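One structure is given here, and the rest of the page talks about it.
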Amino acid sequence: MCSLSTLSPNFSNAYGSKSVSSTASRFPCWQRSNETWKTQSREVIHWTYVVRCKEVLNEARQGHMNLPHVTLQNDLCEREALKEDMPLLNEYKMEECIRYIKNMLGSMDDGRITVSPYDTAWIALIRDIEGRDIPQFPSSLEWIANNQLSDGSWGDEQFFLAYDRLLNTLACVVALTYWKVHADKSEKGILFIKENISKLGDANVEQMTCGFEVVFPALLTKAKDLGIHGIPYDAPVMQEIFATKDRKMERVPKELLHKVPTCLLHNLEGLGNVDALGKLDWPKLLKLQTPKGSYITSPAASAFAVMETKDKDCLAFINYVVNKFNGGAPTVYPVDIYARLWAVDRLQRLGISRFFEPEIKNCLDYVYRFWTEKGVFSARESEFCDIDDTSMSIRLLRLHGYDIKPNALKHFKKDNMFTCYVGQGFESPSPIFNLYRASQVLFPGETILEEARDFSYNFLRERLEKNDLLDKWLISKHLPDEIKCGLEMPWYASLPRVEARFYIENYGVDDIWIGKSLYRMPEINDPVYLELAKLDYKRCQTQHQLEWRHIQQWYEDSSLEEFGISKKDLLLAYFLAAASIFEPGRSGQRLAWVKSQIMSHILTTYFSIKEASSSEQRKSSTKLENEQGRGQSRKTTIQRFITIFFGSLQEIMRDANEQIGKDISNLLFDIWRVWLEKLGEGNEEIQEVELLVSTINICGGHIASKDILSHSEYKTLSRLTNKICHQLRQLDMGNEELIAIEWRKNKTTDSIYREIEKDMQLLVQLVLQDSSNGISKDIKQTFLLAAKTFYYRAYFPTEQIGNHISKVLFEPVV
């Protein structure tokens, strides 16, 4: 489930700081800090500030939190243990998985998909084009003979769906009987049909295979014409299927069928001799083929066209498919767009996409090349498009910086509803869920995405409440949990490690897709994906646990409890860093994140700082003004924190130098100096987020000069992120038990919620849109990551955050 709840540490006050206005604060003591900053370039910088203690209640010792017991492979927490090359899990196995997946992604071609007995049978029915009394594709007939299941049926051996098994089996029996071969196999197939036909009456109509009510009656008619005995043609369920087809055909506008590509073309083999449609106009229909010669990528429909017209383009398509699948044929082909989109989506959600960046770029470049103003379909160059592939394209292409507009979604909107494609009988959860996911990556003013978000959220919420989540396109036991989590954890509040942990536990290796027959796609559902995800997660988690021990040691050595920082504050800070920047090689950035956030929090909450005047700088460093009679103790506290502060900055610099091989001392000093100056000016809205983001980017090697920090786009991002996070912090400091409920209720009506939403949309646009003015994608992404952690804290209640922390950082992946 989305809550990821197993352990429940008591984080009753996870953000244990108390806001005190500047007018209410008292300053019992001040201490002049005159520090010398020595850089590796031997430059000496003098830094003089006046530091005063605020009279603030220290809540660090209040309450109690039981941290999970952590068992590590290496109990030592030496600096070397924090490096990426530490001896963790089976590196060789990870490399093996990575090679396997790289090879798969690099050889996608038109996509991998399992064979459909139904479509293969239609191809086997094609007579020799030259007029001889032999099959044009004998290898297809051979495939049928070699792939009958032990119970006499044809279909997916591991999963029984009555629609699928009966349709496949009837088609194969018709093909074998037509050519008068393998009578024994035909008899076994007929017996299976006879014994199982009644199961159609109990089958879920939501999972009826595509076009079943159109193509199954056509096959029954063909079987009857061939004189196949033993099939219960007059059974009540059979009569109901024929009646359903008649009702559907009466609603079909004949002129539309021959004018534009519609879903009916996909079931063309079921439209012959339909009274309501009359005779098919083949000269018009042949103009509706795809460039590859198929009818909406259906081998069965294309095989029927070959039988009726001997069209050379259709025949070329069938030849291509049969050669590709050694006599067999899938239910749709190609699936080049679909395979690439869903493979990238799975790799990202499993948290392993960083291993395949070149391959992912190639996949998305390919999809972008075939993007149209109407959207896309599962195969390239198709005039017929659907909302599922179009939504996934919008989301993934936009997240990776491609210039993509969502206006294609207008083609799937009618009145106030969105549909998978024109002519869809009823909507199904999985395409609408992908529409919902795409709708969250919206830019300001994109009304179509706002409408899509509202519709999809309400549609899915209603289905969840009714427990009505059977899907027309996908059979997955994890789909309900996936949808539930998607609604409970909006994209703005989603942290990469939280999403990965959830998806690892819910990734469907055995998911089955529904077409005219059931099919599987190895590039989407592969156990090697899951194996690599688990190995990598364990590796990252072990690294994070080592770092957590290091952070705790820093906490103890620095006596941070004395400055109002509790261990739960520390754990929350580390969790947010590790859940956002999780890669083992980015240890320095995580540690910089935590230490910077803790120190800036102490400085803004418990001290008042201003730059020393010239007269104050001339005073002795030991001068003390005891305003409240407790000066000596205060002086000691201040001096100790100054030592901790500069020592921690030195550690951050040293870690960064080891990681990126650069001296960042000047840059780091400069951003902290600027921030302290602003803090000293008494600004009510302290720009901690700008300081945090700049520290992370500098430690990651993304900022090499001060010019970046003064760049206009960088300043715009800083101002906007500071504003968003300041507003989110105000929400976060409200009544924590009610905040999540109020957020959901008020975000579309209350002004502050609306303002946050609009600002987040603008931030997403600034971060995701490509810019050629010197600000790298890595730099911009850090702003979004930081903003999402604040959104996460404001959105989720403390107990749920505690569950996430336990699950993500401490509980092992099984």
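Here the Cβ of each residue, glycine as well, is placed from N, Cα and C on the backbone.
The annotation transit peptide is assigned in Swiss-Prot to 1-52 on the grounds of sequence analysis.
In this structure, Lys472 (substrate binding site) belongs to neither helix nor strand by DSSP; it is coil. Swiss-Prot lists Lys248, Lys472 with the feature substrate binding site.
Under the heading motif 'DXDD motif', Swiss-Prot lists 386-389. Mean model confidence for the motif 'DXDD motif' (386-389) is a pLDDT of 96.
The Mg(2+) binding site annotation in Swiss-Prot covers Asp386, Asp388 and is backed by similarity to another entry. Sequence-distant neighbours of Asp388 (Mg(2+) binding site): residues of the same chain at least 6 apart with a C-beta under 8 Å from its C-beta are Cys420, Ser430, Pro431, Asn434, Trp473.
A simple Cβ count within 10 Å picks out one of the binding-site residues Lys248, Lys472 as the most packed, and that one is Lys472. Proximity of Asp386 (Mg(2+) binding site) to non-local residues of its own chain (separation of 6 or more, Cβ distance below 8 Å) is seen for Gly375, Phe377, Ser378, Phe412, Cys420, Tyr421, Pro431, given in sequence order. According to DSSP, Asp386 (Mg(2+) binding site) is assigned to coil rather than to any helix or strand.
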